[in-house]
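Per TrEMBL, the features are:
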type	residues	note
DOMAIN	3-109	domain 'Lipase maturation factor 1/2 N-terminal'
DOMAIN	184-327	domain 'Lipase maturation factor 1/2 C-terminal'
TRANSMEM	77-95	transmembrane segment
TRANSMEM	148-169	transmembrane segment
Amino acid sequence: SPGLIKIRGDRCWRDLTCMDFHYETQPVPNPVAYFLHQSPWWVHRGETLGNHFVELVVPFFIFLGRRMCVLHGALQILFQVILIISGNLSFLNWLTMVPSVACFDDATLGFLFPSGPGGLKYRVLKMQEEAARGALAPLRYGCMVRRAVHLALAALVAWLSVPVVLNLLSPTQIMNTSFNPLRIVNTYGAFGSITKERTEVILQGTAAPNASSPDAVWEDYEFKCKPGDPGRRPCLISPYHYRLDWLMWFAAFQTYEHNEWIIHLAGKLLANDASALSLLAVNPFEGRAPPRWLRGEHYRYKFSRPGGPHAAAGKWWLRKRIGPYFPPVSLRDLEDYFRSREWPHPAVDVD
């Protein structure tokens with residue numbers, strides 16, 4: 001349960017301050033998150049309480065009769081719509097809405113269908129009347145087999161769910177884990193802890209022959225969605241998912257030693273690799289020779305204040321350099337690094 005993961009995880013979920021940070025530090029903020037972040041503190045406390053109510057209390061509505069079950073479905077879908085509006089969380093929230101549709105019975109959804117003679121609602125009512133009179137034909141062999149298969153699958157899922165339920169009840173609940181090789185029933189929980197500040201890795205290249213020269217001009221690569229240029233508006237891509245941008249968010253609060261793939265990406269960019277460049281929004285070396293050196297710089301990002309001088313200058317973000325994320329590297333420097341990991345050494349794309 002995401003709700004249990006939260007309440008047992010970061011202290012800010014218990015003292016109701018997590019939403020003070022979430023909009024700014026989530027993986028890929030959208031334009032709405034910029035404005036929601038500026039809300040008063042009491043709004044953020046209400047948002048956190050609302051999150052706990054939907055994730056910890058509302059699920060039990062399913063067992064409290066038809067009306068409460070319908071209310072559960074409506075609240076869950078509304079909650080997911082709010083999450084979709086407030087951030088780029090890929091297709092996760094869209095998929096989460098699908099099971100909630102099962103909470104709405106025929107009587108609830110009947111207004112969506114025509115009720116005249118011959119219409120879908122009319123035919124369903126006739127079938128229900130026949131069923132009530134016992135006029136249905138006896139079960140055929142195929143129906144009996146299908147029911148047996150359904151019962152067998154239900155028993156399998158129930159059996160596989162035992163360790164998942166035990167984990168759910170455990171005070172040391174594990175997040176995002178599979179308990180069997182079939183991966184049919186798993187445990188999931190998002191944002192059990194909230195980062196309190198946003199850091200970003202900015203990849204930069206230079207054509208200078210000497211990377212340590214004070215005259216070297218370093219130019220930024222821009223990703224398709226993640227923050228980079230402080231003047232670029234946050235993107236809106238949900239339910240689409242830019243996986244590389246998402247991974248860069250994780251890399252920013254770790255080190256490159258924990259994310260060796262980022263050095264692999266640097267080698268690809270040094271070689272002007274077309275497939276790697278297609279994942280980016282801006283290649284500062286487009287139409288000319290690839291950079292001789294590439295480095296990663298670590299920055300701290302904060303939203304600008306609406307109406308403030310930075311926002312008036314067109315900046316959505318304020319950023320301050322923390323230090324180097326990884327030092328300047330060249331293709332020659334990376335030869336041994338790639339070879340030790342059995343990665344093919346990138347060849348320079350002259351196109």
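Residue positions begin at 1 at the first shown residue.
Backbone N, Cα and C atoms are what each Cβ position is placed from, and that goes for glycine too.
Nobody curates TrEMBL annotations by hand; they come from automatic prediction.
Computed from a predicted structure; not experimentally measured.
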_Restricting to the domain 'Lipase maturation factor 1/2 C-terminal' (184-327), what is the model's mean pLDDT?_
92
_Can you work out which residues elsewhere in the same chain, 6+ from the ends of the transmembrane segment (148-169), have a Cβ less than 8 Å from its Cβ atoms?_
1, 4, 177, 179-180, 182, 184-187
*If you run through the domain 'Lipase maturation factor 1/2 N-terminal' (3-109) with DSSP, how many residues end up as helix, strand and coil?*
83 helix, 0 strand, 24 coil
_Within the domain 'Lipase maturation factor 1/2 C-terminal' (184-327), count helix residues (DSSP H, G, I), strand residues (E, B) and coil residues, in that order._
31 helix, 40 strand, 73 coil
